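The active site, tele-phosphohistidine intermediate feature in TrEMBL is assigned to HIS199. According to TrEMBL, the active site, proton donor annotation covers CYS516. The feature Mg(2+) binding site is assigned by TrEMBL to GLU445, ASP469. Marked as domain 'Phosphotransferase system enzyme I N-terminal' by TrEMBL: 6-129. What TrEMBL lists as domain 'PEP-utilising enzyme mobile' is 164-235. According to TrEMBL, the feature domain 'PEP-utilising enzyme C-terminal' maps to 262-554.
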Amino acid sequence: MSFTLHGIPVSRGIAIGRAYLIAPAALDVDHYLIEPDQIGAEIERFHVAQERVHAELDALREDLAADAPSEMGAFINVHSMILNDAMLVQETIDLVRTRRYNVEWALTEQLEILSRHFDDIEDEYLRERKADIEQVVERVLKALAGAPSTASLVAHNAASNGHNEMIVVAHDIAPADMLQFKTQAFKGFVTDLGGRTSHTAIVARSLGIPASVGVQQASVLIRQNDLIIVDGDHGIVIVDPAPIVLEEYSYRQSEKVLEQRKLQRLKFSPTQTLDGTKIELCANIELPDDAQTAVEAGAMGVGLFRTEFLFMNHKDRLPEEEEQFEAYKRAIELMNGRPVTIRTIDVGADKPLDSMSGDGYETAPNPALGLRAIRWSLSEPQMFMTQLRAILRASAFGQAKILIPMLAHAQEIDQTLDLIQEAKRQLDDAGIAYDPNVQVGAMIEIPAAAIAVRLFLKRLDFLSIGTNDLIQYTLAIDRADNAVAHLYDPLHPAVLNLIAFTLREAKRAGVPVSICGEMAGDPTVTRLLLGLGLTEFSMHPSQLLVVKQEILRSNLKAFEKPVADVLAAYEPAELATALGALQKV
Ligand code: PEP
Ligand code: MG
């Protein structure tokens with residue numbers, strides 16, 4: 001039966017394919033598809049792990065002290081029985097066979113299915129047996145981790161005409177997990193939770209594939225392998241579409257491919273407005289190799305390298321200086337002389353580190369207002385110095401800039417600049433090269449920073465406005481919370497006036513300023529930002545050409561009056577009229 005779900009559009013385009021439901025537990029293990037000829041070997045891996053756990057349980061039983069309570073032995077027996085139970089074993093094997101999941105994925109998927117059954121049980125004793133199954137699965141996963149994997153990551157290369165492409169459907173996906181999908185051939189994303197500028201949405205956008213988030217109940221209502229359409233322009237998900245709907249969307253999909261192809265023609269033309277104002281378009285990247293995509297899309301540099309993604313998926317430790325240095329150097333070399341703005345680690349809020357868990361961090365009363373970004377770095381000076389040295393060392397190989405997130409206070413700026421000096425001194429002492437003139441800039445993403453921007457203009461070489469957080473903190477709307485997503489409004493008069501003020505003050509002081517939040521890559525506000533005086537944009541490479549198209553059609557002189565009207569408008573109707581006029585000139 002066909003039905004439609006509504007969510008928040010976060011990444012444009014249309015995807016048509018089969019739903020791949022990812023259970024929360026499955027996110028903690030690798031998930032990849034195996035080749036048909038690897039199925040036998042994968043099932044064998046499972047049996048070997050099963051045997052190993054049997055042996056472990058037998059050893060435990062034998063080691064039980066004579067005076068151990070009798071329940072201990074009974075528990076071990078229950079676990080042995082679960083380990084042989086068809087509901088766990090046979091169903092897992094079936095998932096490996098029919099869906100070609102690697103065994104860890106199949107096992108956690110089956111655990112999720114069983115858990116749901118248990119949650120429905122009235123009898124408390126039986127309901128609690130769920131924990132036993134979880135413990136057994138955990139043992140098997142550990143045994144599997146010790147055994148080499150027979151399967152390699154398989155890029156799914158199904159032909160699109162059979163609608164065999166994979167679309168991930170999940171309750172929620174952490175940014176770090178989303179990052180793992182970069183290497184896999186998923187064609188779309190749907191999640192129950194999330195907001196327009198949550199970091200998960202940002203990474204989905206960077207993958208350039210259609211995505212809708214905040215599609216409540218999607219992971220419950222959509223079944224494994226359902227045929228679905230994701231309309232990333234409108235946030236709509238159509239499940240089991242009627243043939244005529246499918247045809248319409250296939251047509252729209254091909255139209256979009258044509259549009260994209262047409263945009264490619266703009267790639268080599270200079271970026272300037274009709275009246276000759278030069279505009280600089282840079283790219284936001286998450287991983288060093290994204291720099292390649294940035295160059296291919298025609299970016300003049302990297303305006304934001306979100307280095308925290310290098311730090312994620314490191315279970316027990318942060319990357320060493322050498323590893324970081326290599327990563328920054330790689331991005332710098334790929335950009336081939338163009339500037340690379342490396343933002344120091346911005347963890348916290350919706351981007352926790354694995355190594356942060358367990359130290360009380362996750363229970364912070366309000367992580368978005370807590371020890372995030374530079375606040376965290378200043379509280380971990382050793383970690384911060386390691387990163388600063390790595391960035392400075394990489395600066396010897398091209399044009400690097402250092403960007404600091406979430407600054408608000410003068411003493412934070414001063415402390416940060418002192419640490420950068422100290423990192424330079426350490427490199428001098430060790431005789432290691434770096435660019436002594438490396439520029440240091442600040443993100444303007446806290447309202448206090450925008451209002452007190454003069455503190456920043458005096459101390460820093462450049463500014464970059466992070467509209468994602470500026471909106472979140474100005475409006476007190478958690479950017480990752482779909483319950484308040486309708487109130488997350490980039491065009492709120494307070495937000496627009498803060499952006500306008502920052503741009504004006506920076507211009508007056510002669511300090512370069514860019515915008516690297518998601519607004520920079522939204523072609524519907526390009527005219528407005530140009531009219532406010534913005535000349536440097538940084539966005540995901542996938543957005544560069546569509547924004548450039550808007551710039552090439554813009555006449556700044558004609559924007560003056562409507563933009564002044566936009567800034568003066570406080571009533572929604574007035575604002576809508578002023579914005580409408582701006583689109584027409
Ligand atoms: C922002 O806040 O606008 C920004 C660019 O940084 P991030 O999205 O990583 O918080
Ligand atoms: Mg930010």
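Using N, Cα and C of the backbone, Cβ positions are placed for all residues, glycine too.
In this structure, GLU445, ASP469 are the recorded positions from HIS199, GLU445, ASP469, CYS516 whose C-beta falls under 6 Å of some atom of ligand 2. Around the Cβ of the residue listed as 'active site, tele-phosphohistidine intermediate', 26 further Cβ atoms fall within 10 Å across all displayed protein chains. Mapped onto three states, the DSSP output places the residue listed as 'active site, tele-phosphohistidine intermediate' in helix. Each residue contributes its Cα atom, and for ASP469 (Mg(2+) binding site) and CYS516 (active site, proton donor) those atoms are 11 Å apart. Taken together, the residues of the domain 'PEP-utilising enzyme C-terminal' (262-554) have an average pLDDT of 94. According to DSSP, ASP469 (Mg(2+) binding site) is assigned to a helical segment.
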